[in-house]
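First up is the structure itself, then whatever we jot down about it.
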């Protein structure tokens, strides 16, 4: 019998290194632990690990979180700058990696020399954004990155360069004795002279099943394709479409191969995944699309499940698919039908409940604007308190917050995201000043234009723009890649976005400090409204106090007067309906003879300090959007939303009833923030339950349309643009408007019935084909246009009501 020859240290190291390099996905640490025990030689093991781990990590393209939640980095040869240092092009950071421990030890900003030129970066960012969409839709646990490997210093068109798309996805389930991974690498050559993009793809699927046996799959596939060199956005769409096509086709071919395998391929049927169940590969790739029957019949091993039961071999088996080389049709994004379809497919899915909530808020705003003066209970509270109209603004800000978290869920470039946010902010500011600055007059006057010395600088859209800008920048600048494999706990989302709550606390401290700490001196003003009987009269208001929250001497109004100027503030504040100002309170009416001087003064309900406080409502909305993103179950989301909504509602109400901080929309007090945000949370939760859980979306289709076209409806309806357009058509005399002409042919009857009460009402009698005659009364309209709009409200209400029996008094 031959003597056993002891292996040298080099041979031991080479064998150990081979075992490390051939470890299945996610199992190298287990293999390393066993090797260290078998070798019983730390020096040999350390040498093998120092050589094997880096190669394994790069070949498996592992993803590691960077320190301080600054993002994730893919360990690939394409991002390797020097030994153990890897570039993350999405966040422009360089991470230092400990390969053996598989952790990032430190991170630093990338230098300009390590990043591509702005010209190349434009192509890279556009492609990265499209690949992110694709991976997010098709790979539940996938990560991706786009690198520039050639020509990163190209500054302008005319030179060739190369980008590499890396996609890595893994599903590790050792408790079920199976692990699997997907890796694909796409080299894209941008040939400027030929105006062609050449794509070369390498796809690799690895899987390991080790219950009562050892099944390992290593399937590889290569493919080639080409398309036209276009603009950055159009090239990115074309490339993403080609990648999606080839990877889907390859998975379909694997499924077909699996389906055609003979039964004798499996030596031990009961040892592999329990039995040989035919699995839908497409549904396995998209686990969310499984049916209940399939879940009961198939082990829940996600998208790699079919690979585990392909073969049962004692040793590793390798399947090599045939290499195909064919040309995909050119995709021209600005003219081809295929590109248009792909753009529609790649549009992110809208949250229907959010659109409906937005539509409901817009409809509520129109209602309170039209009828708030006649029904004070739904109009703005004159000062302290909270009526129906006072919920509109915080509802809008809450919705803006949710929209921010959803729209900025994935950020390919911080700079591009900031540009888009700034551009949208400027658009909102423009429309806000145009619509609420005084440029557009009442529809009856058919006039426009404003004296810039009297223009109103603040308003609804301006406040939304300010809150959107601040919170969106916070979301962008604190954005980091999330570890989706973590199991969310009760306070998981709070911990993940703790920076947002630090900003929340800072904003609250600044607001409360200014509100209660600012000294308000005596002040005076001059009436500048030419239609007023007091035009040119000077009034003086005595204050000289600090920390007051009454109408004349609060810090909110003082800061607006000092910064904006009193001429640029709102001249018809709600406080003019207070008991101190008019005998008709809570209705509008002439000021009392003994009314305080401040009743004549302007006040800005969307002013500077109150807008700072409005940021809080938006941050709360962002949190609810984060919950929607990170908590996957309907019940978990609703539980979180309902508990937080109730807590905010109760806390805000308690502050008000305890006389600690009153509810006040004009001052946007903290109690008002809590109460209205809690109400918004509960309303949104209810809509979410009705629409997304019980699928009662059809009931809210009109509100959904309004929500999807909120800006259009706001401009046309809430700001009177549509009414002004209709009233702007007249014959011979401005009083002979289109409404009067249509009135003579309208199919309804008007009967005037004024009551003997102090506030006469106008009763309209309308013939409805289903309900018969129905009476409804409104405050007397100032013109026929208001009467027509009132009848329109009646028709909408009557047409959606089963029975109605309303009579004029």
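A Cβ is built for glycine as well, from the same backbone N, Cα and C atoms used for every other residue.
Those TrEMBL annotations? Automatic predictions, nothing curated.
As stated in TrEMBL, the feature transmembrane segment covers range 498-519 out of the listed 498-519, 520-541, 542-563. Record note: among 432-453, 564-585, 586-607, 608-629, 608-629 is the stretch given as transmembrane segment by TrEMBL. Residues 393, 396-397, 400-401, 404-405, 408, 411, 414, 417-418, 421-422, 424-426, 428-429, 431-433, 435-439, 499-500, 503, 528, 560, 564, 567-570, 604, 606-608, 611, 614-615, 617-619, 622 of the same chain, all 6+ positions outside the transmembrane segment (454-477), place their C-beta atoms under 8 angstroms from a C-beta of that stretch.
Scored on C-beta pairs under 8 angstroms, the neighbour of the transmembrane segment (498-519) with the top count among 388-409, 608-629, 641-661, 667-691 is 608-629. According to DSSP, the domain 'Heparan-alpha-glucosaminide N-acetyltransferase catalytic' (350-474) comprises 81 helix, 3 strand, 41 coil.
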